[in-house]
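Visitor: When I checked TrEMBL for this same protein, it listed these features:
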DOMAIN    9-233  domain 'Orotidine 5'-phosphate decarboxylase'
BINDING   Asp15, Lys37, 64-73, Thr127, Arg188, Gln197, 217-218  substrate binding site
ACT_SITE  Lys66  active site, proton donor
Amino acid sequence: MTREEAIKKIIFAMDVKEFSDVQYWAELLSQHVGMFKVGKQLYTACGPAAVRMIQKCGGEVFLDLKYHDIPNTVAMAALEAANLGVQLCDLHAMGGYEMMNKTMETLDKNFSGCTARPKVLAITVLTSSNEETLRGIGIDLPVPEMVVKLAKLAKSAGVDGVVASPQEVGLIREACGKDFLVVTPGVRPSFASADDQKRIMTPAEAVKAGSDYLVIGRPIAAAQSPAEAAQKIVDEIVAG
Ligand SMILES: O=c1ccn([C@@H]2O[C@H](COP(=O)(O)O)[C@@H](O)[C@H]2O)c(=O)[nH]1
């Protein structure tokens, strides 16, 4: 894999709260990552202005708001995400078939032909969860089984791909095919700590397993030199 290909695979999780930080990170990492993820913290603090600032700096955006609500509410929220011109957005597969299918139908109807609609991802089992977490909410399946079950449900509802741990990429590919997107947080390079992530792999392992994109936040943001940390991750992927 070339450096350019490796860079394109990295989505930086811009988990910050100040509007002034958005331009700083977008400019600092523009040559080192392929996309920027706006999640609940930044969007709650700064709203669509954060997305627009990243776009103004030339960056692509994954709007990670993990919608989970009644079908109509999620479909309308996803439509607004699409209207922001983001490349990726997401919803919870646990919201069920009807919620996911209504969202995809609504997006397809409103984005037929003219402009590209964002790819929609379904969250399977959060990478901070393990079997114990699932048991705590009344789910007795092993994590990989639950992930594959939700990935198949998402695919049947017309969703473009899933968010899962790199540990499950192989099983998802077997069940859903090679064209189904698999985006993986829970990525930890050799120099970083796991933090609250429970199902982790290194960047090289994640790419080898077949992840389309790796979401990485704190290992880059908390490093002494974030740009160097991102470069090291690219090195790890290229070498792997
Ligand atoms: O299952 C999931 C879904 C989303 N995330 C998000 O990815 C980043 C990971 O950040 P790190 O600092 O690299 O741990 C974060 O924004 C999460 O909200 C996830 O971790 N797991």
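Glycine residues also receive a Cβ, built from the backbone N, Cα and C atoms like all the rest.
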Visitor: Would you mind sorting out which recorded positions among Asp15, Lys66, His68, Pro71, Thr127, Gly217 put a C-beta under 6 angstroms from ligand 1?
Guide: Asp15, Thr127, Gly217
Visitor: Please give the average pLDDT for the domain 'Orotidine 5'-phosphate decarboxylase' (9-233) in this predicted model.
Guide: 97
Visitor: What's the CA-CA gap between Gly217 (substrate binding site) and the residue listed as 'active site, proton donor' in angstrom, rounded?
Guide: 17
Visitor: Per DSSP, the residue listed as 'active site, proton donor' is which: helix, strand or coil?
Guide: strand
Visitor: Neighbour count, 10 Å Cβ-Cβ cut-off, for Gly217 (substrate binding site): what number do you get?
Guide: 19
Visitor: With the cut-off set at 10 Å between Cβ atoms, which of these binding-site residues ends up with the most neighbours? Options: Pro71, Thr127.
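Guide: Of the binding-site residues Pro71, Thr127, the most buried by Cβ count within 10 Å is Thr127.
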Visitor: Using DSSP, would you call Gly217 (substrate binding site) helix, strand or coil?
Guide: coil
Visitor: List every residue in the same chain as Leu65 (substrate binding site), at least 6 positions away in sequence, whose Cβ is under 8 Å from its Cβ.
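Guide: Result: Gly39, Lys40, Tyr43, Ala77, Ala81, Cys89, Asp90.
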